[in-house]
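Quick look at what TrEMBL annotates:
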- 109-305: domain 'Cytochrome c assembly protein' (DOMAIN)
- 6-28: transmembrane segment (TRANSMEM)
- 83-101: transmembrane segment (TRANSMEM)
- 107-127: transmembrane segment (TRANSMEM)
- 134-152: transmembrane segment (TRANSMEM)
- 172-198: transmembrane segment (TRANSMEM)
- 218-239: transmembrane segment (TRANSMEM)
- 251-269: transmembrane segment (TRANSMEM)
- 281-301: transmembrane segment (TRANSMEM)
Amino acid sequence: MLDLSRTLLALATGLLALALLVNVVVVATRRRAPAATAVRPVAVGRGGSHPVSPLSPAALDDDGPVTAVRTSKRGVAWAADRSVELALLAITVALVIRSIHTGHAPFANQYEFACSFAWGITAAYVFFERRYGVRALSLMVLPLPLAMLGYASTVGSEASGLMPALQNHLLLTAHVITAVIAYGAAGVSAGAAVLYLLRPHLKFPGLPSEDLLEEIGYRAIVIAFPMLTIMIILGAIWADIAWGRYWSWDPKETSALVTWLIYGGYLHARVVRDWRGKKTAALLLLGFAAVLFTFFGNLFFGGLHSYA
């Protein structure tokens with residue numbers, strides 16, 4: 001069963017790489033639609049009409065609506081979308097198979113965490129791509145699950161039992177699932193931030209507007225921040241059960257708290273102080289750097305989470 005799980009993860013890696021390559025071509029070669037099309041009113045109710053919402057993808061995309069290469073269900077763009085969805089399905093099935101084989105959720109070691117992290121980012125990308133229709137986002141987001149799956153292939157994939165500190169299946173599952181959701185959404189926010197900063201220097205006609213990229217980054221953190229909050233609370237409860245204290249300033253605990261503070265600061269700056277532009281994009285990148293340090297830092301600094 002583990003061989004099948006590994007095969008599915010390899011298939012997912014190939015599908016994500018294919019989708020990324022196709023989307024690069026689609027974004028780089030996309031043609032602009034006539035400007036009048038982008039501002040045409042949309043009928044509502046009985047004969048009424050109103051302009052496109054200022055926060056809708058059509059209004060925020062400087063290049064107007066997507067042309068035939070996107071709308072044609074037989075086109076390569078459609079194939080790229082299905083490739084990402086199939087990759088997500090393959091990762092999901094691979095993790096389920098591994099869970100059945102090991103008897104526990106796939107969160108026991110660095111290999112399983114990396115695969116789950118890849119699942120979270122891919123799922124978040126599919127959600128935001130469907131919600132906003134921003135294909136160019138894949139150029140910055142899809143390399144992240146590819147990197148995680150590539151990293152997973154370099155560490156031991158052998159099944160292992162749960163160490164005593166992890167043998168609370170309910171808390172383990174809830175704690176890590178909230179982390180996976182949070183980190184996946186954070187990955188999308190980082191991708192949107194990178195694309196926002198690079199957009200003035202890229203000449204691709206298929207790039208979304210800066211306003212839309214900023215909106216995606218914000219909406220992603222609206223999901224990530226409460227998940228991080230729940231993750232930290234559950235982790236503290238779990239730590240008290242496993243180690244006899246709620247907080248020990250373990251490197252992974254500390255970096256998770258720093259991540260939470262950065263994203264909390266971002267939300268405060270954007271909502272209360274009305275920050276926009278490069279400053280908020282920089283905060284999103286700083287937050288995701290903290291996410292990566294939380295994930296990989298224990299490999300260098302040890303601590304109570306050294307098993308992960």
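Residue 1 is the first one shown; counting continues down the chain.
The backbone N, Cα and C atoms fix where each Cβ goes, glycine too.
Counted over residue pairs 6 or more apart, the CB atoms of the transmembrane segment (6-28) and the transmembrane segment (134-152) come under 8 Å in at least three pairs, which marks the two as touching. The list of residues near the transmembrane segment (218-239) in space but at least 6 beyond its ends in sequence, with Cβ under 8 angstroms from a Cβ of it, reads 124, 128, 168, 171-172, 174-175, 178-179, 181-183, 185-186, 188-189, 192, 245-248, 253, 256-257, 259-260, 263-264, 266-267, 270, 280, 284, 287, 304.
Only residues 6 or more beyond the boundaries of the transmembrane segment (83-101), in the same chain, are considered here, and those with a CB under 8 A from a CB of the stretch are 1-2, 4-6, 8-9, 11-13, 15-16, 18-19, 22, 112, 115-116, 118-119, 122-123, 125-126, 129, 138, 142, 145, 149, 159. Within the chain carrying the transmembrane segment (134-152), a Cβ under 8 angstroms from the stretch's Cβ atoms is held by residues 9, 12-13, 16-17, 19-20, 23-24, 26-27, 57, 61, 66, 70, 77, 80, 84, 87, 91, 111, 114-115, 117-119, 121-122, 124-125, 128, 187-188, 190-192, 194-195, 204, 206-208, 212-213, 216, all 6 or more beyond its ends.
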